Amino acid sequence: MILEVNELTKHFGGLKAVNGVNLRVKQGSIHSIIGPNGAGKTTLFNLITGSIPPMSGTVLFDGQDITGWPPERLARGGVARTFQRTSIFMDLPVLENVALAIRSREGRSASLWQSHQHEDEAADEARDILASVGLRGREDAKAGMLSHGYQRALDIAIGLALKPRLILMDEPLAGMSRGDRETIAALITMLRETMGLTIIVVEHDVGMVMRLSDRITVMQHGTVIADAPPDEIRGNEAVRQAYLHGSFAQ
Amino acid sequence: MIATTLSERRVRSRGSLIGLAVIAAAGLFLPFATADQPFLLMLASHALIAAILALSLDMLTGNTGLLSFGHAAWYGFGAYVAGLLSKSVSSDIAVLVLLTLAATLLVSGAIGAILVRQVGKTFAILTLALSQIMFALVFVFSDITGGEDGLQGIPIATFFGAQIVSPTVWYAILLGALLLALAGALHIRRAPLGRAWLAIRENSERARFIGMNVALLKLISYMISASLASLAGVLFVLFNGATSPDLLHWLESGKVLMYVVLGGVGTLFGPVIGAVVFTLAEHYVSSFTDAWLIYFGALFVLIVIVAPGGLFGGAARLATRLSARKPGRRAAQ
């Protein structure tokens, strides 16, 4: 198990957003977290990625206790994330977006000098990463000029530049056109196949999740109501009940 | 592919070098043009100090995106510390610069550590509060600082025993300081540090999630910016022979902000040009009318609305538009 979440809890006032959640994520798997609106998916995601501290419970990454680690420490420790609302450096060139993450990974963000060799190595690595997410030939464009689908791919490329072992994606398919959704889904599968990455996906698009995932955790009212491979989730009565009022059909 | 980076790198660094050379050439030419008008040389010297001050604010606001409403705090800090030291310790300009910069790094490091954890408006308001505190301190300790009368009787600055009195030598020192500061700022912007600052300005949340120590990087930016402003203060007090609390007034902070906006936020060259234009215009317009600040206010509003990139940004945009048909541009589409 690369990630173990034990009895994780976070309440906002009277709202039990995440209430005693347990989660086991297998190394090299695509593990999705789904659930109706307000189920606590995003809070769970933010607890794991260090955006907010939990009230109780622990998060173990590869056996190490990472509970409450701030984002920058997690990023250096091999846990990357992408954002539901694409989070990139809009005004900077595409290549520089990725090169920033590479320099950060190498601990060179504060350095006052870099050799041409260093700069070229980082640029070459950034180009390779960009090519792997389908952004070859767009290195010099401003990130803000890319289409939504390409911006999402760049967001993922920035995460990959950290050489993470685990990457968490917050609704990677949200707000995408049909074609872009297929592209991003194919990209997620490819990352697992070729890089052996472990990927946790929080997603609304249940149809895509069924195709993509090795395992699915279903949440409702801040707790886990099912945790199984896609086939079993499809036939699960509790999950059907949770989604009765709508979005399962999507 | 690598060839592209190399040629781009050359183009970018060539642009900066040309800019530096133009400023150096214009600066060196000026003393010859003003040989029979000593007043103009003095005005130009004040413009150079203003330019260093503007550059210091641009390194914070333009590079890292931290808006300061109280940057005069460090300008005044440098002037008072250097002024007091010159009366008590040494009149050597090198000693005064080093000691004052050390003091600035110490104090701005301590204050900055608190400030950089605040974001947006809170940061800006706290910088204003800081400058007001420094302003008030001058009056609280008026027996040392001279209070409202200002700090008078600064001994003539020396360099290894030789007194610096010639206006031309002063002008050369100020020009040299500006060129060094500008070259340093341009270098940092191209180095990983400067590019990390840009990333923080663009999206500080994402910067954290790629592992950057955003608070530390902001603090470095704040300390460098404070030190450069403080250097401008040291040069001012030694050049001028006296300083007054006006240097710490929020009006002064507002003026620095105007230099930067007028010239173009984040362009480094722009604020330098903005400071020079503002200083010259202030002198000439204020000799025509007492209401010159009204005209400047109107100009400020006009620039913010019509040319948000300032003088330099506007000129750069014009240049890009003129060369829009060149093939290199198409790659960005």
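Backbone N, Cα and C define each Cβ position, glycine as well.
If one looks beyond the transmembrane segment (B:15-33) by at least 6 residues along the same chain, the residues whose Cβ comes under 8 Å of a Cβ in the stretch are 40-41, 44, 48, 168, 171, 175, 178-179, 182-183, 186, 190, 269, 272. The transmembrane segment annotation in TrEMBL covers B:15-33 (among others).
Sequence-distant contacts of the transmembrane segment (B:39-57) (same chain, at least 6 residues past either end, Cβ-Cβ under 8 Å): 27, 30-31, 68, 71, 74-75, 167-168, 170-171, 174-175, 177-178, 181-182, 185, 225-229, 231-232, 235-236, 239, 256-257, 259-260, 263, 268, 271-272, 274-276, 278-280, 283. Feature annotation from TrEMBL assigns transmembrane segment to B:39-57 (among others).
As annotated by TrEMBL, transmembrane segment applies to B:64-81 (among others).
Per TrEMBL, the feature transmembrane segment maps to B:93-116 (among others).
According to TrEMBL, the transmembrane segment annotation covers B:123-141 (among others).
Taken from TrEMBL, the feature transmembrane segment covers B:169-188 (among others). Distant neighbours of the transmembrane segment (B:169-188): 16, 20, 23-24, 27-28, 30-31, 41, 44-45, 48-49, 51-52, 55-56, 58-59, 93, 194, 224, 228, 231, 235, 239, 268-269, 272; these residues of the same chain sit at least 6 beyond its ends, with a Cβ under 8 Å from one of its Cβ atoms.
Sequence-distant contacts of the transmembrane segment (B:209-236) (same chain, six or more residues past either end, CB-CB distance under 8 Å): 49-50, 52-53, 55-57, 59-60, 63-64, 66, 68, 71-72, 74-82, 96-97, 100-101, 104-105, 108-109, 112-113, 115-117, 173-174, 177, 181, 188, 193, 196-197, 199-200, 243, 247. Sequence annotations record features per position, and here TrEMBL assigns transmembrane segment to B:209-236 (among others).
Summarising the annotation, TrEMBL assigns transmembrane segment to B:256-280 (among others).
Taken from TrEMBL, the feature transmembrane segment applies to B:292-316 (among others). Non-local neighbours of the transmembrane segment (B:292-316) in the same chain are 258, 260-265, 267, 269-270, 273-274, 277-278, 281-282, 285-286; each lies 6+ residues outside the stretch with a CB under 8 Å from one of its CB atoms.
Recorded stretches compared: B:64-81, B:93-116, B:256-280; the one with the most Cβ pairs under 8 Å to the transmembrane segment (B:123-141) is B:64-81. Tertiary proximity for the transmembrane segment (B:256-280) is limited to same-chain residues at least six positions away from its ends with a CB under 8 Å from its CB atoms, namely 19, 23, 43, 46-48, 50-51, 53-55, 57-59, 61-63, 68-69, 71-72, 75, 178, 182, 185-186, 189, 201, 296, 299-300, 303-304, 309-314, 316.
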